[in-house]
Every structure is written in C-alpha cells, then in structure tokens.
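In what follows, a structure is listed as structure tokens, so that the remarks can point back to it.
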Amino acid sequence: MKNQRFHHRLGFAIDGIVSAWRSEASFRLQCLATLGVIAVLAWRQPPMMWWAFLLIMCGMVLAAELFNTALETALDHLHPERHDAIRIAKDCAAGAVLLLSVTAAGVFAAFLVDTFSS
C-alpha cells in the first residue's frame, strides 16, 4: 500500500468504512446517531461552534469504532484462541469507544440544554 496514488488510498479507506458498516451493528447504530445529531443541528440552527463540537465528537466516536473493529479483526485473525492479553486489549479498545460515546452524549446533552433554554 505504500507509495500508491491518493485515489487508491482513499478507496482503501472507503472499503474499510463499508466493511465496518456491513459487519458491525454498533458502527451502523453510531452512524444513525450521527445522522440524528445532524438532523437536530439542522433543525435548531445553533451557532457554528455547536456544529463544530458535535461533528468532531461524532467523527471521533466513529473513528474509535473503526480502530476498535480493526484491532479486534487483526487480533482474532492472528490469535483465534482465547488469551487474557488479547481480551484486555479488546476490552480497552471497546472501553475507548464507550468513553468517547458517553462524552459525545454529554456534549449533545449540553447542546440540548443550551438550545432549548434560550
């Protein structure tokens, strides 16, 4: 993959996103949540700062899920048997997704309070 043209590298990235969409229910749910956030943003028309905060949070959650999926897929392929170190690595990656998701929900809650209290 090194030294390939940009459009080839872009294609690999899109393939990864499509693969996660097809195989990971949590990624699909997070994509739908992102669409919901975008719909609420479009409806409420908040200042651009809220758009930036919330889109960054959504992007981080989706990226974390892609990293988690990549790690789990690679570890399952390289070491299909159960192993404590692999379990810990996978649990930590899932924990990172959870932490970002909860943080994103908190930012969205702050947005809702700010938007509906004005």
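Heads up, the Cβ atoms here are built off N, Cα and C, so glycines get one too.
What TrEMBL lists as ATP binding site is Glu24, Glu72, Glu81, Arg82, His83, Lys90, Asp91. Annotation comment: TrEMBL describes Glu24, Glu72 as divalent metal cation binding site. According to TrEMBL, the feature transmembrane segment maps to 25-43, 49-71, 92-113. Taken from TrEMBL, the feature active site, proton acceptor applies to Glu65. Taken from TrEMBL, the feature substrate binding site applies to Glu65.
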Cα distance (Å, whole number) from Glu65 (active site, proton acceptor) to His83 (ATP binding site): 22
Which listed residue (Arg82, His83, Lys90) has most other Cβ within 10 Å, given these are binding-site residues: Lys90
Positions on the same chain near the transmembrane segment (92-113), where near means CB under 8 A and six or more residues out: 26, 30, 37, 40, 46, 50, 53-54, 57-58, 60-61, 64-65, 67-68, 71-72
Sparsest Cβ surroundings (other CB atoms within 10 Å) among the recorded positions Glu65, Glu81, Asp91: Glu81
